[in-house]
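Listed features, source TrEMBL:
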{"type": "DOMAIN", "residues": "47-211", "note": "domain 'Laminin G'"}
{"type": "DISULFID", "residues": "Cys184-Cys211", "note": "disulfide bond"}
{"type": "DOMAIN", "residues": "212-250", "note": "domain 'EGF-like'"}
{"type": "DOMAIN", "residues": "279-465", "note": "domain 'Laminin G'"}
{"type": "TRANSMEM", "residues": "511-532", "note": "transmembrane segment"}
Amino acid sequence: RKDSGMLSYKEHLPVSQVVVGDLDRPGSEAKVSVGPVRCQGDRNYWNAASFVTSSSYLHFSTFQGETSADISFYFKTSASDGVFLENLGNTDFIKLELKSATEVSFSFDVGNGPVEIVVRSPNPLNDDQWHRVNAERNVKQASLQVDQLPLEVRKAPTEGHTRLELYSQLYVGAAGGQRGFLGCIRSLRMNGVTLDLEERAKVTPGVKPGCSGHCTSYGMYCANGGKCVEKYNGYSCDCSKTAYDGPFCIKDVGAFFEEGMWLRYNFHSPGTSVKDLFSRTLLSSADPEITAPDLSLNKEELSFSFSTTKSPCVLLYVSSYTPDFIAVLVNPSGNLQIRYNLGGTKEPYNIDIDHRNMANGQPHTVNVTRDGRDIVLQLDHYPPTSYSLPATSDIQFNSPKALFLGKVIEIGKIDQDIYKYNTPGFTGCLSRVQFNQIAPLKAALRPTNTSSHVHIQGELVESNCGASPLTIPPMSAATDPWHLDSGKVAFIADFPYNGQAIGDGVNRNSAIIGGVIAVVIFTILCTLVFLIRYMFRHKGTYHTNEAKGAESAESADAAIMNNDPNFTETIDESKKEWLI
């Protein structure tokens, strides 16, 4: 009846989607609520600095660790070696460095001669991922640990010097002409004090505050072709070349089309260099003097989502300055058809999807990729299917002109079937429409540098209808384990599982009837328990005809005589019995 929980690990973030199923039945509903976000932790945990050259360093006051030193930090690098930090005295010193791609070294001298502890990793440490270093030293021993690798320990000599006497500044990075660390260090703590790397980096050349390289660790969260962009102390996702929106490029951008509405996206508009436009939005061309009618495409990537209950209709149409076109249609039977006309053949090449009705009001996803003669189509969650253009067909889509959604309003000759499907037009939802790097719906609904290419007939209303999950049709009564026959009440202990979600269930009336019957049975049981308790309580009782007033009478005979007025018999003295 209820699912709830806490997300307590940052690795589980971000929450990109909440999916609720089993809603397509009477009385079924869902409520999703998100509580307040409470972020807890050390603010200094992400205090970081990036060292961009091997001679870069930060300097701090002398490290005070005469008898005890506790140093910990995280690092991330692609370099094979470099000094993390160093502090010097007259002869004493303390140093941590990456000696090789698999070795971290902790060395020091308190006056008894140099001591070095090395941890060797079976895997490279310069993999541009975060690794933790923890080094400790006291009068008894010294230790070094990297990540979860075994702790390396070195006992201190029983006699000799124990105090670490340092005089120079603490250098984080390059020191004394040595090759410094290249990469990022964060959360540097020395004897419990976090060093403010970011503030010092702001005024130090060769060192940047924060960590570059966030995209290496978190760039995978930029979905659907979004580009990860490095930012100060973080990253962002650039969704401008996608049909999605939101911080992680996962929010559908869709709209509802009423009957007669249409949208046209012009690939070329006045005042825009075609070279700039097509290199930015379609597949780039090497010819700097190219003009719109001369552009040809050898491959296209087309994807979108739609839902409708009416057929036939035109979902998407790409026109050209030549007879070439690409069209995605729903035919009168409700089946999907993809039509290519690239020249070289008498009739357009058709791909017909006959195995299911697409005009059923459910959201459907279409992905079409063409590379030369090879076409790959993926519909919803079905496996991709490969097709091939006829051998006589051209493989270039010549001079693309405009992209239409909902209806084709184009000058010149139009394919006869498309002309028939064009009336009255598409009615339903279209979302996440993308042709190569063009997102026409997003350009219409979001102010972008390509919005001037869009022309709309009718009122385009943004809708998230394309984000609705595909629902499963109700099960038949014969296969539904929750179905109850009329006049019967059944309790089913084992439910047959066939790998599909239950589409129908116990309806509200069945639940009410079952509840009433349960109450009646409970009432009967309570009544029986009461009667049984009452019967056993009076078991063994009896009644007598003992005369009233027997307690005050001198004898039993006197009690009878006093109680019964009709008793007039005289008792003969000779019949009396005497007890001596």
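Including glycine, each Cβ sits where the backbone N, Cα and C put it.
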Intrachain neighbours beyond the domain 'EGF-like' (212-250), with Cβ under 8 angstroms and 6 or more residues off its ends: 14, 16-17, 46, 48, 50, 76, 128-130, 183-184, 198, 303-304, 431-434, 437, 439, 441-442, 446, 448
Residues of the domain 'EGF-like' (212-250) by DSSP state, where helix covers H, G and I: 8 helix, 12 strand, 19 coil
All-chain count of other Cβ atoms within 10 Å of Cys211 (disulfide bond): 26
